[in-house]
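Summarising the annotation, TrEMBL assigns ATP binding site to Gly113, Trp114, Thr115, Gly116, Thr117, Gly118, Lys119, Asn120. Annotated domain 'Torsin-1A C-terminal' per TrEMBL: 283-340, in sequence order. As annotated by TrEMBL, signal peptide applies to 1-25.
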Amino acid sequence: MKLRRGPLRAALALLLLPLLPPASAVEPISLGLAIAGAAASALTGFISYPRLYCYFRECCLHRHDRRAAAALQENLDKKLFGQHLVSKVVVKAVRGFLNNTNAKKPLALSLHGWTGTGKNFVSKIIAESIYKRGLQSKYVHQFVATLHFPHAHSINLYKDQLQSWIRGNVSICPRSLFIFDEMDKMHAGLIDSIKPFLDYYELLDGVSYRQAIFIFLSNAGAEKITEVALDFWRNGRTREDIQLTDIQNALSVSVFNNKNSGFWHSTLIDRNLIDYFIPFLPLEYKHVKMCVRVEIESRGFSVDEDIVSRIADEMTYFPREERIYSDKGCKTVDAKLDYYYDF
């Protein structure tokens, strides 16, 4: 059966061109007129059929905004333990932002808490809810302070590079996602270089940043979060009684005044450009066991409650007297399972 003439035929024809580079990378002088003409015709077909194009190649916003919000809610409900504030705030903030067709600024979330409480995990879930390839998407950009910005004497160079990277990628995809890990190890003043991109500007040099999302991950402020959680526990109240208003202001002040934080006296906080400071509560014994069960199931094994308890018991807990919270959260669960199972 012959293909009909028209855009669909041209679009499919493009798929048959072996190793043809993307249209944006084509150098007309290096290709014959026939191939250039075929590529142009096929590109017209793809533009006419955006869903077909996005099936074969990743698009800037792979999922519809409502589908992204639903995926985010589902994954947090199933995979995140002991973080009722995180689930509530992240879902509302991201869903509201994705559904807002007239956002006045980019979305900026700052996630704080001890190691192993789920900060990286939540940023991964956010990326996966928006893009099918998640953290592997070409529209998701991760920066690790100790890897990408290691030298204090190179701050000015880092500032220029960071601004250029953000400007270039948002120009290509307005719904770009930027994740900054180890903010507590970032050199003070460096993050302020992105202040214009997070502010309430309609355009900067012809580029709008209002659809972009910025996520910051940090251990800074974990002491303040633990202090609030312990006060609730000692007063006979559950962790689920804790509300964002009980922590957020104190958390932002703590981070702002922490000299070991990349947000130390940052204009991003001073100008109220961080939309939410989201506290990750320290995880309890029962939450560690939940993590163990999920990890066992993810490896295709039946859950052995004896192993679950043994791994949870091997963790160390604080404060020393009460031994309520795991000092590594769920971070070492994966490695401990390797000891009990022959993979």
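Residue numbers in this text run from 1 along the chain shown.
A Cβ is built for glycine as well, from the same backbone N, Cα and C atoms used for every other residue.
Listed in chain order, the residues near the ATP site other than Gly113, Trp114, Thr115, Gly116, Thr117, Gly118, Lys119, Asn120 are Phe121, Asn219, Phe280, Gly329, Lys331, each with its Cβ within 8 Å of the site Cβ centroid. Helix, strand and coil residue tallies for the domain 'Torsin-1A C-terminal' (283-340), in that order: 32 helix, 5 strand, 21 coil [DSSP].
Ranked by how many other Cβ atoms sit within 10 Å of their Cβ, the binding-site residues Gly113, Gly116, Gly118 place Gly116 at the bottom.
Cβ environment of Asn120 (ATP binding site): Asp181, Leu217 lie under 8 Å away, each six or more residues apart in the same chain. For the domain 'Torsin-1A C-terminal' (283-340), the model's average pLDDT works out to 94. Within the same chain, residues at least six positions away from Trp114 (ATP binding site) with a Cβ under 8 Å of its Cβ are Asn219, Ala222, Ile225, Thr226, Phe280, Pro282, Tyr325, Asp327, Gly329. With respect to Cβ neighbours within 10 Å, the binding-site residues Thr115, Thr117 differ, and Thr115 shows the lowest count. Its own atom aside, the Cβ of Lys119 (ATP binding site) has 25 Cβ atoms within 10 angstroms in the protein chains shown.
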